[in-house]
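Trainee: According to Swiss-Prot, the protein carries these features:
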BINDING   Arg22, Glu80, Lys119, Lys446  (6S)-5-formyl-5,6,7,8-tetrahydrofolate binding site
BINDING   225-230, 244-250, 269-272  GTP binding site
BINDING   Asn225, Thr244, Ile246, Thr249  K(+) binding site
BINDING   Ser229, Thr250  Mg(2+) binding site
DOMAIN    215-370  domain 'TrmE-type G'
Amino acid sequence: MSIDTIVAIATPPGRGGVGIVRISGPNAYAIALCLNGNKALQPRLATFCSLYKGNNEVLDQGLVLYFKGPHSFTGEDVIEIQAHGSPVVLDLLIKESIAAGARLARPGEFSERAFLNDKIDLIQAEAIADLIQASSDTAARMALKSLQGDFSKKINQLNEELIYLRMYVEAAIDFPEEEIDFLNDGNVSQLLQRIIGRLEEIRSQANQGVLLREGLSLVIAGRPNAGKSTLINNLAGRDVAIVTEIAGTTRDIMREHILLDDIPLHIIDTAGLRDSDDLVEKEGIKRAWQELKRADCVLLVVDINNPDQQNSLLNELRLTLPNKIPIITVYNKIDTTKLTAKCDEHTVYLSAKTGEGLDELKKVIKQVVGYQPTEGQFLARRRHLQALDEAKALLLTGQSQLTNHKAGELLAEDLRLAHQTLCEITGEFTSDDLLGKIFSSFCIGK
């Protein structure tokens, strides 16, 4: 690990009442003395100081806080300077700190040092960035839960059960002369099944956290004049798409971002799907299919007065799109009929024009993508889901080895690999490439 002393501005760019410069590393205290004219600092106390340039010219006044390692965020000596929030003043403080022996921090390097010094685990480090970037109050609360260790505790408890099972299995392999066949006495099978069930429960909770963090890509598709643009306008609560009676009005991709019960919803309106000789419209249709293949969920909007549109297009979507992408059929323009709004598992009847049935649509979207907020919810990332899925696959393989082949050695190896995979979530076992990828996405100064 680097023993450089690092410095960065910890507050957002721009002018403000207060700006914070953060310094961390073995020379942090000495650099602070260079900046404040050798005024002694007491740990965990704020000291009002004049702040000087190298020629002893005062450049500002502010508070200087000293956190002596290891009792600091990074585990190192940390200095935080609270100066006036002028970009010029803050830049001068950075330059003076570098002149005194610091270097500019990389994005996320303060959090990386906290992780490497065992102040936080990898889940908590990611939660810092997620809390900063939270798009709703629920997402912020869930990120805080992850930062406080809720998600980490679940993974650590799962690992403890897995370690116990590994010890049990490996003892049975190492002492085959024992009268009791530990591998086949039922305990191993029961313990393994319990761990798989617990993993599935955590995976379900993590999936809710991913939805809250990353949101949902919702693509609106249909024939021309089915009411797609009217629907996106109604969902957005404002006019974001041009609506006319002329078929083919929407030719390019239209994007809008809203919150659906705290889920970030990335709505994409597309050109009407049909055969066309118009070069511009053909390009719009091509882009529509590209967006459909990347969607998390598709709304197929059908003019209820032309229900035959639905069958051919729905079949085409099912043949073209991956099976994992759910399709909700939206029968629009019920205001032109005697029908009222209603819904079932994958079908909604509504009027995009009047808004009748919009609540039913939102309900179906949440059901289809599996959003079920729970008390123990926490924020998570896709890499966590991938690791949980990989660990489950290994455990199921091990279960098969035990049940079908009585292969204790193969089961032990699958348990070891599953344990290693779960340790990657918290960072107990990880690679430099993964750390670089995670921390490089952080703000400088965090």
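Numbering starts at 1 and runs along the chain as displayed.
Glycine residues also receive a Cβ, built from the backbone N, Cα and C atoms like all the rest.
Describe the structural surroundings of these features, if you would.
Mentor: Remark: Lys119 ((6S)-5-formyl-5,6,7,8-tetrahydrofolate binding site) has Pro70, Phe73, Thr74, Gly75 as non-local neighbours, by Cβ distance under 8 Å and separation of at least 6 in sequence.
Asn225 (GTP binding site): 22 other CB atoms within 10 A of its CB, across all protein chains.
The number of other CB atoms found within 10 A of the CB of Ser229 (Mg(2+) binding site), across every protein chain shown, is 24.
The domain 'TrmE-type G' (215-370) scores a mean pLDDT of 79 in the predicted structure.
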Trainee: Using a 10 Å cut-off on CB atoms, tell me which of the binding-site residues Arg22, Lys228 is the least crowded.
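Mentor: Comparing Cβ neighbour counts within 10 Å for the binding-site residues Arg22, Lys228 gives Arg22.
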Trainee: What's the CA to CA span in angstrom from Asn225 (GTP binding site) over to Arg22 ((6S)-5-formyl-5,6,7,8-tetrahydrofolate binding site)?
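Mentor: About 56 Å separate the Cα atoms of these two residues.
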Trainee: Give me the long-range Cβ neighbours of Glu80 ((6S)-5-formyl-5,6,7,8-tetrahydrofolate binding site): same chain, 6+ apart, Cβ under 8 Å, in sequence order.
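Mentor: Spatial neighbours, sequence-distant, of Glu80 ((6S)-5-formyl-5,6,7,8-tetrahydrofolate binding site): Ala10, Ile20, Val21, Arg22, Ile23, Val64, Leu65, Phe67.
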Trainee: On the three-state reduction of DSSP, what should I expect for Lys119 ((6S)-5-formyl-5,6,7,8-tetrahydrofolate binding site)?
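Mentor: Where Lys119 ((6S)-5-formyl-5,6,7,8-tetrahydrofolate binding site) sits, the three-state DSSP reduction gives coil.
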